[in-house]
Ligand code: IDP
Ligand code: MG
């Protein structure tokens, strides 16, 4: 059993379009454990930290307004190789290059409306989880199905 964690956020378009239950279902079905979940509005300072590596990109202002255009469903998932596996479930950043079967490949067309965020490394996952969640908002429990998911 791994305690690796990742930060997965359904962006405002994914919430407004009602795709979030399908996204939760895919992570749950794969075998990952939900340890944190909340519907939240992101402010500019949080987003500037979250996307610190993209501040100089020409699309940064539109990325900010996209991410502030409505509620975000912020989640934390735990399990074996969850950071890398989570990125695989998401698909490529550009939905036109995301394989069918992935979340972006199945539900999005534009890079600026790609419905979901997922941490890209274990280190960034830890940073993002601490940025979006307080410690007491994360649940520590053992799912009853663990024996059916892990050998
Ligand atoms: P990622 O979300 O797959 O990790 P990043 O390169 O970290 O991709 O970019 C963060 C987000 O910024 C993307 O998910 C997408 O919404 C947006 N973005 C990235 N590149 C572009 C672009 O060229 N045009 C418009 N939006 C972009
Ligand atoms: Mg990224």
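Positions of Cβ are set from backbone N, Cα and C atoms, glycine also.
Remember, predicted model here, so these are calculated numbers, not experimental data.
As annotated by TrEMBL, domain 'Nucleoside diphosphate kinase-like' applies to 3-140.
Sequence-distant neighbours of residue 59 (ATP binding site): residues of the same chain at least 6 apart with a C-beta under 8 Å from its C-beta are 111, 112. The feature ATP binding site is assigned by TrEMBL to 11, 59, 87, 93, 104, 114.
Summarising the annotation, TrEMBL assigns active site, pros-phosphohistidine intermediate to 117. For residue 117 (active site, pros-phosphohistidine intermediate), the same-chain residues that are 6 or more apart in sequence and have a Cβ closer than 8 Å to its Cβ are 7, 8, 9, 11. In this structure, residue 117 (active site, pros-phosphohistidine intermediate) is part of a beta strand by DSSP.
The binding-site residues considered are 11, 87, 104; of these, 87 has the fewest other C-beta atoms within 10 angstroms of its C-beta. In the three-state DSSP scheme, residue 59 (ATP binding site) falls into the coil class. Between the listed binding-site residues, namely 93, 114, the fewest other CB atoms within 10 angstroms of a CB are found at 93.
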